[in-house]
Amino acid sequence: MFNFKLVLVGPGGVGKSCLTIQFIAQKFVDEYDPTLEDSYRKQTTVDGEECLLDIYDTAGQEDFSAVRDQYMRTGEGFLCVYSITYLQSFKEIHRLHNHLLKVKDLDSVPFVLVGNKCDLNEYREVSTAEGEELAKKLNCKFLETSAKERINVSESFYELVREVKKARQSNQHSNSQEQNTDQPIKKKKSCNLL
């Protein structure tokens, strides 16, 4: 069984906890209770393979950035969530993505962009096209979800697992190439008996 450390990041109030609870327990939590930190574990099957997902739901508030940064350092894949009904949450994504790369000290990480609350289309402030364009700029997958209506909830987590798998395979491939190129070429020695 493969283990994955997945982290939800995004501004406060966008529905990170609701997505997580809907995925873990198949229920929708209506009231907003700001998260400091929560962790969950779920065993599931993705593309025919058994997976154990450790899911870390982080605080959106800047007051808890040290806790969030710790999860960023240890996480393998990131579900970055904004609300389609709140333009400011969308505007914060690029900064959050850059901060994540800085904390991880990497050029790229497995990352899925999620526009949540698509059931509230009449209050939409961020178009689907804007989400798709940002995902293209960030070179990541994009889905619109609704924790309330259970739209694309599981698929967003599964897509992130797929991205982590790709990154692991890419790292294994590059590590094996580095080992091959870093090894000095050994000359064959012959033994002469006199």
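Yeah, the Cβs are placed from backbone N, Cα and C, and that goes for glycine too.
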Annotated range (Swiss-Prot: motif 'Effector region') out of 32-40, 122-130, 185-193: 32-40
Sparsest-packed of the listed binding-site residues (Gly10, Gly13) - C-beta count within 10 angstroms: Gly13
Protein Cβ atoms within 10 Å of Cys118 (GTP binding site), excluding its own: 22
Cβ-Cβ neighbours of Thr58 (GTP binding site) (radius 10 Å): 26
